[in-house]
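Student: Before anything else, here's the structure in question.
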Amino acid sequence: MLDSFKEDPNLRKLLFSGHFGLEKENIRVTSDGKLALTPHPAIFGPKEDNPYIKTDFSESQIEMITPVTDSIDSVYEWLENLHNIVSLRSENELLWPSSNPPILPAEEDIPIAEYKTPDSPDRKYREHLAKGYGKKIQLLSGIHYNFSFPEALIDGLYANISLPEESKQDFKNRLYLKVAKYFMKNRWLLIYLTGASPVYLADFSKTKHEESLPDGSSALRDGISLRNSNAGYKNKEALFVDYNSFDAYISSISNYIEAGKIESMREFYNPIRLKNAHTDQTVESLAEHGVEYLEIRSIDLNPLEPNGISKDELDFIHLFLIKGLLSEDRELCANNQQLADENENNIALNGLAQPSIKNCDNEDIPLADAGLLELDKMSDFIKSLRPEDTKLRAIIEKQKERLLHPEKTIAAQVKQQVTKEGYVDFHLNQAKTYMEETEALAYKLIGAEDMELSTQIIWKDAIARGIKVDVLDRAENFLRFQKGDHIEYVKQASKTSKDNYVSVLMMENKVVTKLVLAEHDIRVPFGDSFSDQALALEAFSLFEDKQIVVKPKSTNYGWGISIFKNKFTLEDYQEALNIAFSYDSSVIIEEFIPGDEFRFLVINDKVEAVLKRVPANVTGDGIHTVRELVEEKNTDPLRGTDHLKPLEKIRTGPEETLMLSMQNLSWDSIPKAEEIIYLRENSNVSTGGDSIDYTEEMDDYFKEIAIRATQVLDAKICGVDIIVPRETIDRDKHAIIELNFNPAMHMHCFPYQGEQKKIGDKILDFLFD
C-alpha cells in the first residue's frame, strides 16, 4: 500500500488529513472536590436536543461533543470552546480534570442522568448499567477520538488496490477493520504514552498493584492507567470478536447480544469501535450502512492539559491510525486478542516499570524495543511521504523520549504532583487554574477572534443551547442560527429578522430620530443640521456662547463627536466641523444637555441592561505624561480595537488632542497625582470610555422613557442613549440623544465595573422562544 502513496502526490496529501470529532467527559464538582449533586445546567436545555453538551452516565458527568471537522486544529478549537462554555455556565462548580473520580457520595446517592421522561431509552440504559456494573465505576471519564479517512483517499485506494468485484463499501469496511486490528494489537503503546490515571481515592478501587500516598489516596505502584486496566471500565468478561471479515465482526457482536452478555452494541466496551453516523447505533444499522468512522475509547483525561488533551496527543493518535492503514493486514484471532488484552492490562498496571510485551508468538519483547520499533516505522513513513513536516517528526521524538525515560510520561508527572500535593488538592488546583484562565478570556470564542466581540458572544451562547451556527460572511459578522426547522439570520449580533427596515433607516438618521421622538413628546436636544461645511462655519455666531455638541448625522459608536461645555474659539469650532464632516456628509450641531450619559439596552419592550459610560480618561501620578498614562492604561488585556475586546483602547487622535487643548493641556503634560484627565467629552465605550453597570440602580422612570422611545420607532433591539440629570428634582431635564439600531452587547456582558449581563441569551430567547 505504501507504494500507492509514493507514486501519487494527491494521495500522499490526503493520507495526512481526515475528519475528526471528539467527545469529552468531565465530572462537575464543588469547590472542595465533591461530586456536584446539582442538576445539569438548565441553559444547555434537554440533553436529547443539544448536540454539543450532554451528560454521560451521571447527571453530574457532563459530556462535550464536537462536530466533525476537517483538521485537528479546528476540532481542538471546538473542544476548547465547549470546555470554556461549560466551565463558565457551571455556576460555583469546577470541571474535575482527571479520569478517576473526585470525592463521591454513597453509591445510592450518585444521580443517574435525567431525561425528558422516566422511561426514556437513555435513562433505561443507564439504569441497566447501574444494576449490572454499579454506579461508581461509571464515573470513570475520558475522551473518545472519532476519525475517518477522507472519502477521496478511500476512492483513490479503491481504484488501486480493491479486490475483484469488491464494492466500495465492502472495501471501506475492510480498510477500517484493518486499522482496528492494528489498534487492538498495539494499543498498549498508546496507553503507555497517553495514560494519565495512575492515582485515585482509596475508597474508589482496590488492586494488588497499588500503594498508599501521603494524603491517604492510592496510586498504581508502577502503573499508567487505572481506567484502562482490568480494574477499570470493562465488560464483565472479555469479548473476543472476529476481525477476519466485516460480516464475522457483526455476527460475533450479535451473538454476544443474543447470549445476554451485553444488552446492545452500546455496551460493547471495546477500546476501538467501528461505527457509522446513523443515530440508532445498533448492530443492525452498522451491518446495513457499513463503517463510516472509527471511535477510539481508551484516551484518559490528561490533568496537565486545560482541555484534557493536547494537540500533540491528537496528532500522535492520528499517526497511530495512519500506521494501522499502512501496516500489513495480519490475523487477529482470539488467542492474539487475549495477548493484546494482557499487554494492555500489563502496561496499564505496570508500565512505568517497563515490563516486557508479548508478541503474537507469545515471546517477551522489552517494552522500549517494541515501542521504538513502532515509532521508527512512523518516522519512516513521515520521512518518505511528508519529509518537510518537522512538527510530526518532533512529535515522534517526544514519544521516544517518554519510552526511554518513563519519568517523562504523563502518568509519572501526574503521580509526582499528586504525591506532593495530595489527590484532591492537586486536581482542584488544576481545575481552579483552568477556570481562572477561562474566566480571563470569557469574552472570546477561540477561532473567531477576527470577528466582532458581540458576534463572538452570541455565537458562544448559541452553542451553549445546542443551536447550529453557520458563518455566512465572516467580514460582515453575518451568521445563520438553526434549531430544528427554525432558522434565524443575524448580522453583527443584534441585526435580526425582528428589525423593521424603516425603523433602522430612522435611527440611522439622527435628524429624523429627533423629529419623530419630539413629535411624541419625548425630550431631545434642540439643534440644526448642516450639509455644507461653509454654512456650518458661518453659523458660529449662533452657537459661540452656548454649550454644544458637534456630531456626524448618521454614524455610530460615538465617532466624530466633539463637545464644548466651556467657551470655545472659532478655530476649535472649525476643527470640530472638520472631524464631524470626515465621518459624514452632514453634521448636527445641538445643545449640550448636562448630566450623566446612560445606555439603555431594550429588547422586545424590556430594558435588559443599563450602563453608565464614563468618557475616556486617565488618572495622573505626578510623574508620567498624559501620553504615557494612556499607553499604560491601554495595556489592560481587556482593552483592544475594532470591538474585539470588552473595552476599547484610548486613542490619541484629533478628537483627543482637541479635548486636551480645551483644558490647556497637551500629550506631554504631567497631571498631578489622582488628577483625572478626560480625553473625550462623549462617553462612548467605543472611543475608550469605561463602562459601569447601572441596571438595578436606574430609576424605572427613565427605563419607561427608553421603552417608549423604542416603541415610537418600532425598534425591537435598540440602544437608547439618555442624558440623566444628577439631581432627582431635575429629572424632567433629561434628553434622549441617540437611538442605536445595532447596539453593542459586549459592554453589557463585560462591563468595566458591575454585574455581567447575559445579553446573548436575551436575544436568543427573543429569536427562538
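Note: Cβ is positioned from N, Cα and C throughout, glycine not excepted.
Swiss-Prot lists 1-347 with the feature region 'Glutamate--cysteine ligase'. The annotation domain 'ATP-grasp' is assigned in Swiss-Prot to 514-768 on the grounds of sequence analysis. Among the features that Swiss-Prot reports, ATP binding site is placed at 541-599. Annotated Mn(2+) 1 binding site per Swiss-Prot: Asp721, Glu738, in sequence order. Residues or ranges marked as Mg(2+) 1 binding site in Swiss-Prot: Asp721, Glu738. What Swiss-Prot records for Glu738, Asn740 is Mg(2+) 2 binding site, and it gives sequence analysis as the kind of evidence.
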Student: How many Å lie between the Cα of Ser541 (ATP binding site) and the Cα of Asn740 (Mg(2+) 2 binding site)?
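Tutor: That separation, Cα to Cα, works out to 31 Å.
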Student: What's the most sparsely packed of the binding-site residues Val549, Ile589, counting other C-beta atoms within 10 A?
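Tutor: Checked Val549, Ile589; of these binding-site residues, fewest Cβ neighbours within 10 Å: Val549.
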Student: Averaged across the region 'Glutamate--cysteine ligase' (1-347), what pLDDT does the model get? Just tell me the whole number, please.
Tutor: 95
Student: Measure from the Cα of Glu597 (ATP binding site) to the Cα of every one of the binding-site residues Asp721, Glu738, Asn740, then give the nearest.
Tutor: Asp721
Student: Write down the Cα-Cα distance for Asp721 (Mn(2+) 1 binding site) and Asn740 (Mg(2+) 2 binding site), rounded and given in Å.
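Tutor: Cα of Asn740 (Mg(2+) 2 binding site) to Cα of Asp721 (Mn(2+) 1 binding site) measures 8 Å after rounding.
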Student: Using DSSP, would you call Lys565 (ATP binding site) helix, strand or coil?
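Tutor: Where Lys565 (ATP binding site) sits, the three-state DSSP reduction gives coil.
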Student: What is the Cβ neighbour count of Phe581 (ATP binding site) at a 10 Å cut-off, with all protein chains included?
Tutor: 20
Student: Can you count the other CB atoms that lie within 10 A of the CB of Glu738 (Mn(2+) 1 binding site)?
Tutor: 21
Student: Tell me the Cβ neighbour count for Asn740 (Mg(2+) 2 binding site), meaning other Cβ atoms within 10 Å of its Cβ, over all protein chains shown.
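Tutor: Excluding its own Cβ, Asn740 (Mg(2+) 2 binding site) sees 20 Cβ atoms within 10 Å.
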Student: Compared by Cα position, which of the binding-site residues Val549, Lys565, Tyr573, Phe581, Ile589 is the closest one to Asp721 (Mn(2+) 1 binding site)?
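Tutor: Nearest in space to Asp721 (Mn(2+) 1 binding site), counting only the binding-site residues, is Val549.
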